[in-house]
Amino acid sequence: MQDQYILALDQGTTSSRAMLFDRQGNIVSIAQKEFEQIYPQPGWVEHDPQEIWSTQAGVAAEAVTRTGLNGTSIAAIGITNQRETTIVWDRETGQPVYNAIVWQDRRTADFCDSLKQQGLEAKVRAKTGLPIDSYFSATKIRWILDNVPGARDKARQGKLAFGTVDSWLVWNFTKHELHVTDVTNASRTMLFNIHTREWDSELLELLDIPRSMLPEVKASSEIYGHTKTTVFASKIPLAGIAGDQHAALFGQMCTTSGMVKNTYGTGCFLMMNTGDKPIESRNNLVTTIAWQIGDDVQYALEGSIFIAGAVVQWLRDGMGIIKTAAEIEALAARVPHTDGVYLVPAFAGLGAPHWNARARGSVFGVTRGTTSAHLARAALDAIAYQSLDVLAAMEADSGISIGELRVDGGASANNLLMQFQADLLGVDAVRPQITETTALGAAYLAGLAIGYWKNLDEVRSQWQLDRRFSPSMPKEQVKQCMAGWQRAVRAAKAWADDTQ
């Protein structure tokens, strides 16, 4: 296998990407194509499933051919994907019965509220690790069955298939032969029992979803089948599947209990490996399956922050304070601190661990001396404060003190932000040389399944440090900063409470 590579397919919310990795875990080739976001009504978000497939197949071929290679050079394919996004298709024709309903879509929020009012939240959380929310796949499937003419009848006859994006891609890559998913994607549907690792009959009955629609659930690293499409002339093993954040956790080599990664993107996604037992959160985090390799199942706690890098985009597009996102570090560095200014970027409410949908963005502590530099610094600081809130909840739930934070995503390139994050945490923030950890995780899962890499120790040894940020702020100053942030969050919540 000297001249072979692993192809990682990274199907995201706004684009489909493909990357070729060599045996040392280096990126050899990359291709990307954006696709259309469909907004039929306020709060609704859809994708065209055929466009998801065509863009993903297209970039897969492009990543290979632009290096002068062909399908015979690909040892295996690993897939990672936007999670929860729901596709239902006709088994006979292979055609979707409706657009993909995206994870951001809120059309089933009222139905979720009615389930909560029936007192079902504790039961659902105990089985799935998830709160009842329109974010997850279950109520999206139910909506399609209730609103697409003929869908429920076809589903009862076993003629419809449901899948998250990974299932849809495998179905198409195998010319409609394989209907599978992996445990990580299944664990985000709100239909999968994370303890028994099976589809939950009681939840299926509760939501009136026929079991015949659901894919077979497999490990995250095994040979599921082989490609049969015209994208590649040769048959390539499909050998790794994981949801995007799970793949990033694996790509960061957070393979032992207590290891944590934070992906700094438009929002932040923090995930902690909690070992071979699920931990039920008492602090509004999500319990999920991290991955499964062979019989070894690892679990995780996850917290999502809605607005992280998006606050920088707001300073650029909404306020005109900067012309490009990259300018924020230099602007913020003009001042040593925010001079008491706090920005709570609750533009879409507050995510974990607060879960306050009504909170709104607020700026506190502004004086006549406040400048655009103070505001820029407050925006960066807010990303670190929000991350600390989630990490504190993770420590409380798990009883594990975090040893270091592994960071990736676009905003992890901001050295000022990473230093402040380390200062607040009191432990090192470490940035790897390869920050494309999501695709790398999918590649590792696929490569391990076929013996391209011998074992976990071999891939672990490939993780390489780019830069380590060690805490340097005095503890008393950290305490003062945190007290101000907590006061600002309380004030943002109070502003949203119109009963006061």
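Using N, Cα and C of the backbone, Cβ positions are placed for all residues, glycine too.
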Same-site residue for ATP (record: Swiss-Prot; known: Thr13, Thr14, Ser15, Gly309, Gln313, Gly410; options: Thr266, Thr367, Thr370, Thr371):
Thr266
Please identify, among the binding-site residues Ser15, Arg83, Glu84, Tyr135, the one with the smallest Cα-Cα distance to Gly309 (ADP binding site).
Ser15
How many other Cβ atoms are found within 10 Å of the Cβ atom of Asn414 (ADP binding site), counting all protein chains shown?
21
Which of these binding-site residues is closest to Asn414 (ADP binding site) if you go by CA atoms: Thr14, Ser15, Glu84, Asp244, Gln313?
Gln313
Could you round the CA separation between Thr13 (ADP binding site) and Arg83 (sn-glycerol 3-phosphate binding site) to a whole angstrom and send it over?
9
Cα distance, Ser15 (ATP binding site) to Arg83 (sn-glycerol 3-phosphate binding site), nearest Å?
14
Using a Cβ cut-off under 8 Å and a sequence separation of 6 or more, which residues in the same chain sit near Glu84 (sn-glycerol 3-phosphate binding site)?
Trp103, Tyr135, Phe136, Ser137, Lys140, Thr164, Arg188, Thr189
What's the CA-CA gap between Asp244 (sn-glycerol 3-phosphate binding site) and Arg17 (ADP binding site) in angstrom, rounded?
12
I'd like the Cβ neighbour count for Gly309 (ADP binding site), meaning other Cβ atoms within 10 Å of its Cβ, all protein chains included.
21
